[in-house]
2 protein chains.
Amino acid sequence: MNKKPLILVTNDDGITAPGMRTLIEVMKTIGEVVVVAPDSPQSAMGHAITINSTLHVEKVQIDTDDLEYSCSGTPADCVKLAVKQILGRRPDICVSGINHGSNSSINVIYSGTMSAALEAGIEGIPAIGFSLCDYNWNADFEACKPYVKTIVENVLQHGLPEGVVLNVNIPKLPQKEIKGIKVCRQAKANWEEEFDKRKNPQGRDYYWLTGKFVNLDQGEDTDEWALENGYVSVVPVQFDLTAHHYIQNLNSWNLND
Amino acid sequence: MNKKPLILVTNDDGITAPGMRTLIEVMKTIGEVVVVAPDSPQSAMGHAITINSTLHVEKVQIDTDDLEYSCSGTPADCVKLAVKQILGRRPDICVSGINHGSNSSINVIYSGTMSAALEAGIEGIPAIGFSLCDYNWNADFEACKPYVKTIVENVLQHGLPEGVVLNVNIPKLPQKEIKGIKVCRQAKANWEEEFDKRKNPQGRDYYWLTGKFVNLDQGEDTDEWALENGYVSVVPVQFDLTAHHYIQNLNSWNLND
């Protein structure tokens, strides 16, 4: 590459999150970095966007001389604002994360990290969401670095087809115990939710959402299998949600009779 | 059917929205109805869930003697609460809407209406999101009624396969001008966003997200084509986001070299 690529960095844990600081550090070894990220944590925001209230953006300095912007919106808002308002030119790639916690299997649906990557993909920008399977704010992101670098360099080299972004999850393991990178499909795994019912001091009921993660998918080609077996998982993700395989069947229903 | 089906009704425009009142009215001709819906509008919430704050639920009476619950959370929260906490048994079907405004093509990604349907699908419950292509709060939902009834009855009769829910959009037309129901794929259409930059009374910049919808997909098998040509569109939607067609290509990258 003759010119340094322009890299848009965002996340859903907020602009000061350690996972994003690691991502910025690695990206600075590859290209020119601009950060546009939420001013507060936005986990589990799914693909929310802000249409009924206003958005604010502030230029901020965190711990580098890079261009960083803090935004009042969701991860998807950050990408829209960056591309349409802040950058002035199209980024060569958008990276989101590194998320504090897994976004494997069904979690991709709820993930603000992946929402940012999908939004960039919708804009036609190659995009990757990175997550470490460790929810701890003080998680050790050191082992992520070489894998993040390899995957970003490969995407810059090969590109990604229209409509496809990457969902990368990294197991919570020391670097020497990680076996490599595996291309996977999204596992058919679910949350079995429970609601923790409590009473507030005024006697009113309220609930906390809790639950446990259950993987009933026996496949060895899934992201869950890869992560459980010490691999970094890479799932190509699309935003055409059409269940093409079921169209013919639906047509047999004769809905117009 | 020997027993009346149990129908869970939700939406993203809030429990008092006229579109949902129409949906409840039609559902009462088919089965036993329980409503669990957000206590305030949640449009464009995508698949957000509430994990960092508490949820409240209130039994309310709006304009019928039906069981109705108003919830402080997102559409996805409403479905989780209904299934795990409120209903006591699994609903036979979950219907979401009728949304005030289109959720065709890429809008499915941002849609709270479809998020509720997807959440029910994840729980293994047959689910449908309904939207009328009219953003007006006082939109005329009369023409929707026969199509909503037909589609719900068909889903109760045929079921839906694991991992598939339906995204139904209804054109803004008088009933006699609607040509019928068409099974479609999600069009490749986008929003071209613009940000309307303003200054608040204190001189601080802020933004409103605006934009126009652009359909560059020439296919006659898309939801956009159907709606433009006077049909009700039905798209089968899945929550396995894996871009299966790109796995082989990614494997050729030799990410472990």
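Cβ coordinates come from backbone N, Cα and C, glycine included.
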TrEMBL annotation, divalent metal cation site containing A:ASP12, A:ASP13, A:ASN99 - matching residue among A:SER40, A:SER43, A:SER53, A:SER70:
A:SER43
Please list, in sequence order, the residues in the chain of A:ASP12 (divalent metal cation binding site) that are at least six apart in sequence and whose C-beta is under 8 Å away from its C-beta.
A:PRO38, A:PRO41, A:GLN42, A:SER43, A:MET45, A:THR74, A:PRO75, A:SER96, A:ASN99, A:SER111, A:GLY112, A:THR113, A:SER115, A:ALA116
I want the residues beyond A:ASP12, A:ASP13, A:SER43, A:ASN99 whose C-beta is within 8 angstroms of the mean position of the divalent metal cation site's C-beta atoms, in chain order.
A:ASN11, A:GLY14, A:ALA17, A:GLY19, A:PRO41, A:GLN42, A:PRO75, A:GLY97, A:HIS100, A:GLY101, A:SER111, A:GLY112, A:THR113
I'd like to know which binding-site residues lie near chain B: of A:ASP12, A:ASP13, A:SER43, A:ASN99, which have a CB under 8 A from one of its CB atoms?
A:SER43
List the residues of the same chain that sit at least 6 positions away from A:ASP13 (divalent metal cation binding site) in sequence and have their Cβ under 8 Å from its Cβ, in sequence order, or write 'none'.
A:GLY19, A:MET20, A:PRO41, A:GLN42, A:SER43, A:ASN99, A:HIS100
